[in-house]
């Protein structure tokens, strides 16, 4: 063997030889096979034919998006040279009869499929080799196997394999292998990532779809109130909206209603989500999306963890909200809003308060809502005072509907009513009470499966409940399940897997009422979140909510035992952010118990937060100090976002705790997953005192997050002057640019922060430093300050936009005047040619247009596509702008854009009668043509604006004008189904027969659409019913093709020629039969004049086409009407031949029963049986043999002279057909003209199983 690469061992050289055989030569061999199976020049038609199958492979991720683009390239045909081995193998496997295996084939299998399988198998081994080495023994076997596989596919490549086996290797061989492995690994990694992301997105979409479906069910009886109508306007006008109200007041229902309304009317995609991170993950900048957060900050009490997540993602959400088509709706309970309003302040939420006087439900609205749920009798007994008593009246109606009794006291004192009801359950020792108690312990979610026999999740809970409520008769789980279902009427909802209350308000009352009877069980078995949010010590003597469960002194020890257990289990947020932690007395008591217990304080198993993370976030100094003293290591602990306790203290503005942590060695520049340091966190939320402490401790003042925001960027964006001063004093880089070029000065100016802007300029901020949007300043005082500090008034961004552009876009006339006074170029053009007056006209700012024109703006200066200010105003329906431009300037009213459209064309497209009238008044040309030859009149007829069409006719517009393709106005009207305009044109002299360049008339269009009303109008105006298009198609023909039965009937009634054929001889009956239009075929056949056996230019009859397409019902109809069963086409093919070749077994049997000539050969001497064998249609072969066709008839034609059906099946490797033929007395040793038997061909192609079968039947 020749020398190897220096420095490589013999084993590594062996490996490289095999690797290069597989990487260099095997794809060439597989491509030769591929090009044999798929004609390289016809790949486009092949892939189009198999589009459905390929699409399924794409959806299963067998074919990647990149591969799909190679199969269906934009603007060109696919080329096999672009396909890698993986794609070629995939296509061979799925689109041909070649069998390709995933495992190594048997050594005796020398088929082409086995060869590809071997290449695929060994290539995969090479790609995933860890050693990069191969022993001599393995090399010998593998190289021979792969070489033989290549030789089978392409015998001429054998010499290349021998050469490679003995060639000297240089470093290029090694580099090829390394690059191959790298590429394979990248593809695998990307595929895994994409599959993971797709699965995650599919799961989220599935959950969201289910959630929206639930919304729609709940909105079944939604009453549209004045508040709902107002909210729609608020959501349309604002990017972010928060709806607040008490439980049961309709917050969620309103959010659902508005979201679905926006989906239907504005085209928004509605996305119900639960965490800010989901908004960031699912936002698509190119789509109209509306995100809905329902009760995102908690229900009964504030969800500290969610609030923390929201605060940490605020900056990123603000960045996403720069995309103004994105919208967010949040619902929040009124009593939680005060706690979260500060966190939402920077996002500019519009507050929609359901308790405000102008929005809350009126008496009339409440009465209308009650009628949706209550009987007339109940409604009549509710006085106005009762109806107005509670703001959660809609919930009361829903609840009352579910109960059987008619006690309207329910509406006057809901809490007492429910307490009495539940008290009755308890007194009677009803299993319903046990069911509600279990609901409380499960925190409003009972798993149905766990109440089945053999499931023990609730067993201990139930036993303890029996003991605590002293229930001697313990109800079974079956009884509890039954009672839960009984409670559905009033209290509960049953989902596929759980029981829960109809509304959170109901659970509040149930949990308080039932909870006071089962406190011990709650402390023993209740969920940690329930205890955290709903329990309070009596001994604290502090205020509490009416539904809070009070823990008496006797149970206090038991309570803290449970708390210590929760700490042990890492429920740190639930323990250290509970509702009681706000009381200093409670925190001191907790410290005492912690001190007594001496237990470890572990981090959470889910998010890795420690107790110190939580107390630092909440600002609890004394307990934070205690936790540090007990375990100082917590100071360096990081949660799942890589945040330290110092991050949490800084983010929430707790400067004393930040000082405490720093004094105990906290890492001051620790960065989290988003590269936020504690300094960035505190700057993000504007906490000056924390920032001061951190800077004194030498925090990195210029550190940036992953999006390149520095502390100064954040302070400038928020306009925080104190923070800016402090940061600059500590040498913050005043001209530091983000990745998108934004400087702190830009952010301050863009946000309208005058003082901040001045401070930065005083600190030598560079006013000329560029970024991607620097001219978009709306604030006059800031613009003046910038100009005074050397800003160039005509400076522009990367798109060519100047300050004057943005002022014109906003219609800010005061700013326009200032900029012009500072010599702004009034005719400056963007990169796309737009001028300030163009953009003012587009956005309907009349005063801005007037001011720009008065300062010599060029009224006819066009953008890059030739649109003038008048063009865009006409297109945008800005009537006043159009009028002003026409009246007060030298606007060229007939100016054409680059595709020849005048302002009148554009006004006609929009159907704006007033603007059309205005333009005509100022001399707009009514017959002006665009580059396609369309006049404004054409467009009016196409769009169906009858009122404008009448104006044009009065103005003398030509009614028979045609465009460059010969299309007249009436053709345009008929094509778009505008019957009234067609009638108007005909009444005013339009030519009814005028065809376009393809010979299509108005009647053709009407027939194609099945527009019988229009057909009638046209025929009444002497349309030619038999007029043919350039390719010979008549109106009747096209109506048959499109399956318009009523149109067919009408056209025949007007004496349409039923047998008139197109240029290749297809009649209406041909086309109806081909497309399987049974009713049309039936009607045509019932017409005496229809020629059922008419042949097209290729000799095909309607029956032949029906058989070709497998249209059995149509074939039966045609046979019923005397279709000739043995009629031959130009190739000697009968309908029976065609059915056999297509494998349409039902039609084959139908034709046999109708006496088809079953042994008739075609012009190449093939019998139906021979053809079925060639087409590998096993079931057709079996049927033909059943009916006794000639099994041994030989073919006498060219290369296959002397062949029988058995030769065909043996040579094609079809085991099933070969068996059938042999079972039906096929002559096994019959010879063709070359003396070759079926055995010869099976052996030649290595079809071992067929060879064995033939030999077993006496083949020699």
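Cβ coordinates come from backbone N, Cα and C, glycine included.
Looking at 152-179, 180-207, 208-235, 236-263, the range tied to coiled coil in TrEMBL is 180-207. Across the repeat 'ANK' (965-997), DSSP assigns 16 helix, 1 strand, 16 coil. Panel annotation: around the repeat 'ANK' (1098-1130), residues 1064-1065, 1067, 1069-1070, 1072-1078, 1081-1082, 1085, 1090, 1092, 1136, 1138-1139, 1142, 1144, 1146-1147, 1150-1151, 1154-1157, 1160, 1162 of the same chain, lying at least six beyond its termini, place a Cβ under 8 Å from a Cβ of the stretch. Here the repeat 'ANK' (998-1030) has Cβ contacts under 8 Å with residues 965, 970-971, 973-975, 977, 979, 982-983, 986, 992, 1036, 1038-1039, 1042, 1044, 1046-1047, 1050-1051, 1054-1057, 1060, 1062 of the same chain, all six or more residues outside its ends.
For the repeat 'ANK' (707-739), the DSSP counts in helix, strand and coil order read 17 helix, 0 strand, 16 coil.
Residues of the repeat 'ANK' (832-864) grouped by DSSP class, helix first, strand second and coil last, total 16 helix, 0 strand, 17 coil.
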